[in-house]
Amino acid sequence: MPLSYQHFRRILLLDEEAGPLEEELPRLADEDLNRRVAEDLNLQLPNVSIPWTHKVGNFSGLYSSTIPVFNPHWKTPSFPDIHLHQDIINKCEQFVGPLTVNEKRRLNLVMPARFFPISTKYLPLEKGIKPYYPDNVVNHYFQTRHYLHTLWKAGILYKRETTRSASFCGSPYSWEQELHHGAFLDGPSRMGEESFHHQSSGIFSRPPVGSSIQSKHQKSRLGPQSQQRPLDRSQQGRSGSIRAGVHSPTRRPFGVEPSGSRHAKNIASRSASCLHQSAVRKAAYPNHSTFERHSSSGHAVEFHNIPPSSAGSQSKRPVFSCWWLQFRNSEPCSDYCLSHLVNLLEDWGPCTEHGRHHIRIPRTPARVTGGVFLVDKNPHNTAESRLVVDFSQFSRGSSRVSWPKFAVPNLQSLTNLLSSNLSWLSLDVSAAFYHLPLHPAAMPHLLVGSSGLSRYVARLSSNSRIINHHYGTLPNLHDSCSRNLYVSLMLLFKTFGRKLHLYSHPIIMGFRKIPMGVGLSPFLLAQFTSAICSVVRRAFPHCLAFSYMDDVVLGAKSVQHLESLYTSVTNFLLSLGIHLNPNKTKRWGYSLNFMGYVIGSWGSLPQEHIRIKIKDCFRKLPVNRPIDWKVCQRIVGLLGFAAPFTQCGYPALMPLYACIQSKQAFTFSPTYKAFLCKQYLNLYPVARQRPGLCQVFADATPTGWGLAIGHQRMRGTFVAPLPIHTAELLAACFARSRSGAKLIGTDNSVVLSRKYTSFPWLLGCAANWILRGTSFVYVPSALNPADDPSRGRLGVCRPLLRLPFQPTTGRTSLYAVSPSVPSHLPDRVHFASPLHVAWRPP
């Protein structure tokens with residue numbers, strides 16, 4: 001007969017009328033009982049032949065993600081002119097006096113940030129903008145291109161001008177070496193000259209006038225900065241041949257090559273690969289009058305393209321280098337010919353724009369390393385778009401980068417730190433990631449861009465032929481004309497005006513500030529904000545400032561104090577170049593909303609929207625149907641967040657964890673579902689731990705247990721010998737139930753860790769409820785007053801220790817001096833799930 005929910009509650013000792021704990025609790029450690037209950041609740045995970053369920057409510061498996069919806073009216077968010085003060089350490093020292101070693105180390109990490117991937121795979125430009133919305137290809141192309149342009153204008157991206165130079169807007173940093181020697185002309189004259197050449201994005205651009213002279217005088221490709229990482233000998237010798245192929249799939253990401261060391265004969269010998277590339281490009285871009293390939297020493301090898309006579313009528317007209325402007329002189333092919341649109345304006349503006357500053361960069365191929373697409377800014381704001389950058393190549397495969405770990409405050413530390421009677425407000429840092437500058441050496445690895453409208457459309461429309469490889473004939477200009485394209489462009493013309501022309505050109509951009517799609521970025525942001533908060537706390541001793549990523553909170557004793565504090569801190573942050581969004585400052589009163597929790601003087605609880613999600617999840621959870629383990633991962637993710645607030649905590653979810661580990665489907669029995677549902681219906685706050693003196697001690701041997709409560713000693717025996725960890729856990733439970741003390745001394749590390757997931761399942765669930773809110777202090781066995789009673793010696797009375805307990809705030813503690821993390825030691829901070837062996841999602 002299946003186990004009823006009421007009976008199951010009685011087994012777990014969750015009901016009031018349970019028998020004496022000393023008799024009932026050891027039974028829960030019995031393997032036979034655990035096995036029988038697991039069978040009754042269908043937790044044995046037999047291989048199921050019924051088809052698995054792949055969707056539960058909003059939860060779907062990892063391989064069936066929700067389809068994003070395209071919004072043609074997305075607004076591109078505006079970015080302030082973010083420029084973090086380069087001398088940020090001195091600025092802070094003027095404000096608070098000398099910084100600690102820890103703060104300096106963290107601030108130095110991001111000024112500038114560096115990125116050294118193991119290998120970089122270059123992708124063709126067509127993959128620059130992902131065809132995420134097949135029904136809105138053109139619209140998505142222009143919206144994304146506009147977003148990239150906005151980022152470039154805000155100084156967040158570099159624009160690749162040539163193989164070795166880039167331009168950007170905004171204020172330069174000292175590590176960005178400006179090009180001189182007449183390499184680029186300044187002001188309007190330069191713009192005039194550039195637009196005369198109609199060069200596009202440096203993909204086929206003319207070499208800078210002085211680049212060849214300059215390269216002879218420069219020792220390294222990044223100047224003095226980069227000489228810290230010299231190339232090893234073998235690499236130096238080979239670098240010429242390695243760097244000859246633009247699209248070599250992998251290459252050493254760091255190192256310096258002396259550009260002046262190679263001679264002109266190298267260029268000649270390498271022109272074969274240039275010719276090949278040039279031929280490919282001729283075919284793809286037939287109308288450029290000049291192609292060149294920059295050899296790795298900065299000289300340009302030029303090939304002049306004579307329009308072939310086979311092109312027919314096209315060769316009779318003057319050849320434009322711009323696909324868009326060619327339509328002006330062509331006969332309309334239909335009512336939907338693009339020439340109608342192009343003839344609407346006399347002046348379409350320049351083919352390309354250049355930034356105010358030009359710098360040298362390491363050799364950067366005309367490729368991208370990640371695709372981009374747009375999505376809603378967040379579930380609550382669908383009016384604005386957000387750019388998603390896919391640099392997942394750095395997190396995959398054999399050459400994946402293992403990103404540095406960093407301390408995330410756990411719930412108890414957070415509650416100890418923030419649960420108080422302070423008034424709170426949270427600050428919103430606008431575009432937090434885009435505050436932290438990247439070294440230009442990272443540019444070749446973090447490239448985004450687009451192939452230009454003509455190739456993008458041609459690739460996506462199956463009926464158009466891009467190229468006739470056999471005969472080398474030019475594609476017909478009007479191949480891309482279609483009703484859909486014409487209508488889309490006409491509508492976009494209202495939005496973008498003459499910028500349509502600029503955006504239809506190919507472009508390659510590299511990140512100048514840290515992008516969101518790389519695992520290094522969250523680490524750097526966390527280091528940066530924690531250092532800044534540390535400085536703020538020392539500058540304002542009566543204030544509590546705390547941050548996690550870009551979420552910064554300030555607490556003070558009174559509302560008036562908080563307001564004056566807010567003004568001072570805001571001014572300080574602005575003086576460092578940190579941009580705050582005053583409209584999004586939230587005043588919380590005495591209950592702070594932070595990291596998904598509501599934290600008040602009573603402790604912490606999950607925020608309301610999470611509780612609603614959990615109720616929703618249980619409402620839609622099917623019974624007696626095998627659920628795909630990937631969906632179980634999603635369910636456990638949600639329930640695991642709120643587990644510390646339930647009676648039985650993480651142990652209650654162990655059957656689900658086990659099914660995920662074994663990659664089996666999981667079937668919820670009505671009783672197990674009812675049990676979980678009840679668990680999550682009543683949530684209990686996690687309270688702040690209080691300091692105190694330990695008066696109660698517990699100890700156990702495999703056969704018996706002993707307690708020391710004040711001057712009283714107690715002992716008992718188990719019916720059968722138990723594993724030592726289980727015996728110690730039982731002793732701690734008896735100590736809590738007998739004395740009611742919230743502070744217990746024990747010599748067992750597993751009990752101290754308060755993770756009861758490795759014990760027999762029923763015992764883990766019951767112990768979690770009995771020991772909820774209990775703090776443990778470590779006492780060495782030799783000094784443990786409960787050691788003698790546990791061995792059956794009641795007459796011997798050891799003196800009670802004075803063991804003070806100080807609640808921990810973990811690595812997040814206010815003045816924690818965290819030493820630098822040596823790379824060869826195991827991680828000190830684990831994101832372990834409650835399992836002993838943390839499972840990694842596949």
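Even glycines carry a Cβ here, placed using N, Cα and C.
As recorded in Swiss-Prot:
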type	residues	note
REGION	186-273	region 'Disordered'
COMPBIAS	223-239	compositional bias 'Polar residues'
REGION	346-689	region 'Polymerase/reverse transcriptase domain (RT)'
BINDING	Asp428, Asp550, Asp551	Mg(2+) binding site
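Cβ proximity to the Mg(2+) site centre (mean Cβ of Asp428, Asp550, Asp551, cutoff 8 Å) flags the following additional same-chain residues: Ser426, Leu427, Val429, Ala432, Ser547, Met549, Val552. Within the same chain, the residues at least 6 positions away from Asp550 (Mg(2+) binding site) whose Cβ sits under 8 Å from its Cβ are Asp428, Val429, Ala432, Phe433, Leu525, Thr529, listed in sequence order. The Cβ of Asp551 (Mg(2+) binding site) lies under 8 Å from the Cβ of Ser426, Phe594, Met595, each of these being in the same chain and 6 or more residues away along the sequence. All protein chains considered, the CB of Asp428 (Mg(2+) binding site) has 16 other CB atoms within 10 Å. Over the region 'Polymerase/reverse transcriptase domain (RT)' (346-689), the average per-residue pLDDT in this prediction is 84. Annotation note: Asp428 (Mg(2+) binding site) sits in a strand segment as assigned by DSSP.
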